[in-house]
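Asks: Below: one structure in structure tokens.
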């Protein structure tokens, strides 16, 4: 029997870099899918909660995966690392008259950038979080592509992914699209750093607008409050008739009793 890789389990004291290495080992143990058949259908437009359900299925089936599946799996396995920022990085390259596409999960921990993923090439997947800037990370990927005789044409950068596995938000896959044929080297670097700054600002503001799940909880709780107030109003309404009866009773009862006594 082919051994099924075990999903990594971490102690609270395990440092984030060690956790990332363990996650990458797990992704690598699943192996790259060379069959030509994609075992898991991934629609980028699906909400995060649906993609996380698919990632859970991947861990059960333990079938070989490709780069997009590795990104979804990387998000799923790092959801409990709340101090880690995750964002998708897509590459478009040209080689021998053909265009090729690849995607990895960019990570940022303590101001250092790295990546998780899977590829046919070892140098196009995992990057330890040691790069001081986002541009250093992307330039390292570009150099790796150059060693494979590929020319980097486009880079697409997404925004940070929510850590809430039940969020109904969609992953923002391409917040910044950088065409290297239209950018000078310095402009390319500036655009990368601008995107990194945008992500920091979004995180500083609390990762942008509240996630739909939080809104959903508010929507759920507010009707309860709304329902509570009608109950209170109803109870008051119940009290009012009884309250109206009480004055009537207090005045009427002696007369009524007196009347009954007289009869």
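Quick reminder: no glycine exception, Cβ is built from N, Cα and C everywhere.
Just lifted these from TrEMBL, have a look:
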type	residues	note
ACT_SITE	67	active site
ACT_SITE	102	active site
ACT_SITE	119	active site
REGION	197-263	region 'Disordered'
COMPBIAS	235-249	compositional bias 'Basic and acidic residues'
Asks: Name the residues of the same chain, 6+ apart in sequence, whose Cβ is under 8 Å from the Cβ of residue 119 (active site)?
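Replies: Once residues fewer than 6 apart are set aside, residue 119 (active site) is near 32, 67, 102, 104, 125.
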Asks: Other than its own, how many Cβ atoms are within 10 Å of the Cβ belonging to residue 102 (active site)?
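Replies: Its Cβ shell of radius 10 Å holds 22 other Cβ atoms.
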Asks: What is the Cβ neighbour count of residue 67 (active site) at a 10 Å cut-off, with all protein chains included?
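Replies: Step by step: centre on the Cβ of residue 67 (active site), count other Cβ atoms within 10 Å, giving 21.
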